[in-house]
Amino acid sequence: MRPSPWLWLPVVLAAGAVLLPLLHLLVRAVEGGEAWRTPGYLPLLGRTLLLAAAVLAADVLLALPLAWLVVRTALPGRGWLAVLLVLPLALPGYALAYGLLAATGPAGVLAEVFGWAPPRPSGFVGAWIALVAYTYPYLFLNLKAALGALDPRLEEAAGSLGHGPAARFFRVVLPALKPALFGGGAIVLLHVLADFGVVSLMRYETFSYAIYLQYAALYDQERAAALALWLLGLALLVLTLEGRWLNPNRPGRTGPPAPLAPLGRLGPPAFLAVAAVPLFALALPLLPAGYWAAKLAANWVVADLPRALGQSLSVALPAALLSVAAATPLAVLTARHPGALARLAARLAYLGYASPPLAFGLGYVYLSLSYLPQLYQTLPLLILVYAVHFLAEALGPLRARMLALPPRLEEAARGLGAGRLEVLLRIRWPLIRPGLLAGGLIVFLGAMKELPLAFLLAPLGFESLALAAFDYTEEANYPYAAPFVLLLALVGLGSAALIPQLEKQR
């Protein structure tokens, strides 16, 4: 059955909402010829790549042994440790930067509680610590899945040929993990390239921080557009290299999983070492924020927490609904009518998510100012941009549900005389509802944490939880930033606990 033309309308609109701002950003950057001749791009490129490479290297050194211990050894509590290790993803990166800054220095929490004032990390080191603590779960998840799918018979065959454990790891296991390393590494690199909050708070000048300075402080729109185009180009390069190096046709496991290696006396210390990684990442923002929030509890209303929460919800909830509404026809097309156009539309959705938010948001700034200036810095535009940027996050769970829905079930219902509406309400809707809810919750969480898009496009006087946390932290007012950081963390952890439950529903 051919798809209804009405199914294509929202898909075409969503594709246009991704492409138009990026194309307009390209035009704006090309028109600003003088901005391209301004010196300083190569040092920015060097600092950006240095941070990205350092974070990726640390993530590999951290995530690979963690994944190995969780998947291949009889690690005590390995099941719940696997969940604990990914919880830092529920926190915004700038919350971890806040934790580093609020805990250290002469007026930090450590100095107040213990009388110990370690130097406050800033610049490269501070950004590196915060980003590693935030991004390692992306690589851990990929490596954990790859190790679980690896056929142990390959290692057994290598062992029968006389290869020892080290040789088996480097000659058999590590080559099989390359797709997971490339895929997870690409996600890490994209997040580091796109990061705005951490590098801004740590005063480490990457492309994102330079765009912030040019746009917010110097009002040099041509230079900001040129910098955004550099940033977008780096992100597209990462995606291109990942697609070229990734091999989707790798063989998977067909037999039983590999036996778990006993740890013996090393079990308890291994458990403590593994648990220490996510606990450090979670404690980094939660403990300083909890300390200051408890100390200043009477000032929470003064800090305008209820208003910031309300404004965050006023954008995050409609953005989640709009993103799910746009993702639904796209999921139907890619699952039920796969073809070149459907695949292209899905890739455009992922392009909107992979584009650095500062570059994507600047495209909308220039587009709205050029053609619909009355929309600039309005809530409808901010909601639209959130929905388009997070469209891929809504699409993922929904498309997975659509692919799991047997087409013959719908065909059988139609053969028994059921109309399209009845099939939708009685068969398709109950089965895809968990995917809709999970996708909507993921978008909601992303919108609650989103900082750069809000910074560029929020109306005057709009102060979300993310903007308030960032503004107070940037002013070194860590006690007043605490309730905003703490509430963001609680929203993130609560959402992270709900998402797996929704995805498990039948």
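Every residue gets a Cβ built from N, Cα and C, even glycine.
What TrEMBL lists as domain 'ABC transmembrane type-1' is 45-240 (among others).
Feature annotation from TrEMBL assigns domain 'ABC transmembrane type-1' to 309-499 (among others).
What TrEMBL lists as transmembrane segment is 45-68 (among others).
Annotation comment: TrEMBL describes 80-103 (among others) as transmembrane segment. For the transmembrane segment (80-103), the list of distant contacts is 66, 70, 109-110, 120-122, 126-127, 129-131, 133-138, 140-141, 144, 191, 195, 197-198, 200-202, 271, 274-275, 277-279, 281-289, 292, 445, 449, 451, 466, 469-470, 473, 476, 478, 481-482, 485, 488-489, 492-493, 495-496: same-chain residues at least six beyond its ends, Cβ to Cβ under 8 Å.
Residues or ranges marked as transmembrane segment by TrEMBL: 123-143 (among others).
The annotation transmembrane segment is assigned in TrEMBL to 180-204 (among others). Long-range neighbours of the transmembrane segment (180-204) within the same chain, counting only residues 6 or more positions beyond its ends whose Cβ lies under 8 Å from a Cβ of the stretch, are 47-48, 51-52, 55-56, 59-60, 63, 92-94, 96-98, 101, 121-124, 126-127, 130-131, 134-135, 138-143, 145-146, 212, 231, 234-235, 238-239, 241-242, 245-246, 354, 356-358, 451-452, 455, 470, 473-474.
Here TrEMBL flags 224-241 (among others) as transmembrane segment.
Annotation source TrEMBL lists transmembrane segment at 270-293 (among others). Residues 62, 66, 69-70, 73, 75-77, 81, 84-88, 91, 95-96, 98-100, 102-103, 108-109, 112-113, 130, 133-134, 136, 263, 300, 478-479, 481-483, 485-486, 489 of the same chain lie 6+ residues outside the transmembrane segment (270-293) yet bring a C-beta within less than 8 angstroms of a C-beta in it.
The transmembrane segment feature in TrEMBL is assigned to 313-336 (among others). Counting same-chain residues at least six beyond the ends of the transmembrane segment (313-336), those with a Cβ under 8 angstroms from any Cβ of the stretch are 3, 7-8, 10-11, 13-14, 342-343, 345-346, 349, 379, 382-384, 386-388, 390-391, 393-395, 398-399, 401-403, 405, 407, 432, 435-436, 439-441, 443-444, 447-448, 454, 464.
Per TrEMBL, transmembrane segment is recorded for 348-367 (among others).
Feature annotation from TrEMBL assigns transmembrane segment to 379-398 (among others). Long-range contacts of the transmembrane segment (379-398) within the same chain: residues 14, 17-18, 314-316, 318-320, 322-324, 326-328, 330-331, 346, 349-350, 352-355, 357, 360-361, 364, 368, 432, 434-436, 438-440, 442-443, 446-447, 450, 453-454, 457-459, 462, 503, each at least 6 residues beyond the stretch ends and with a Cβ under 8 Å from a Cβ of the stretch.
If one looks beyond the transmembrane segment (436-458) by at least 6 residues along the same chain, the residues whose Cβ comes under 8 Å of a Cβ in the stretch are 90, 92, 94, 194, 196-197, 208, 212, 215-216, 312-313, 315-317, 319-321, 323-324, 327-328, 356-358, 360-362, 364-365, 376-377, 381-382, 385-387, 389-390, 393-398, 401, 464-467, 470, 488, 491-492, 495-496, 498-499, 502-503. Per TrEMBL, the feature transmembrane segment maps to 436-458 (among others).
What TrEMBL lists as transmembrane segment is 478-499 (among others). Listed as Cβ neighbours of the transmembrane segment (478-499) (distance under 8 Å, sequence separation of 6 or more from its ends, same chain) are residues 87, 89-92, 95, 98-99, 101-102, 107-108, 285-286, 288-293, 295-296, 299-300, 303, 305, 308-309, 438, 441-442, 444-445, 448-449, 465-466, 468-469, 472.
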Distant-in-sequence neighbours of the transmembrane segment (348-367), which means Cβ under 8 A and at least six residues beyond its ends: 14-15, 17-25, 28, 190, 193-194, 196, 208, 211-212, 215, 221, 224-225, 228-229, 231-232, 235, 239, 327, 330, 376, 381, 385, 388-393, 395, 450-453, 455-457
Long-range neighbours of the transmembrane segment (123-143), counting only residues six or more past its ends (CB under 8 A): 47, 50-51, 54-55, 58-60, 62-64, 66-67, 85-89, 91, 93, 96-97, 99-101, 177, 180-181, 183-185, 187-188, 191-192, 195, 198-199, 202-204, 277, 280-281, 284
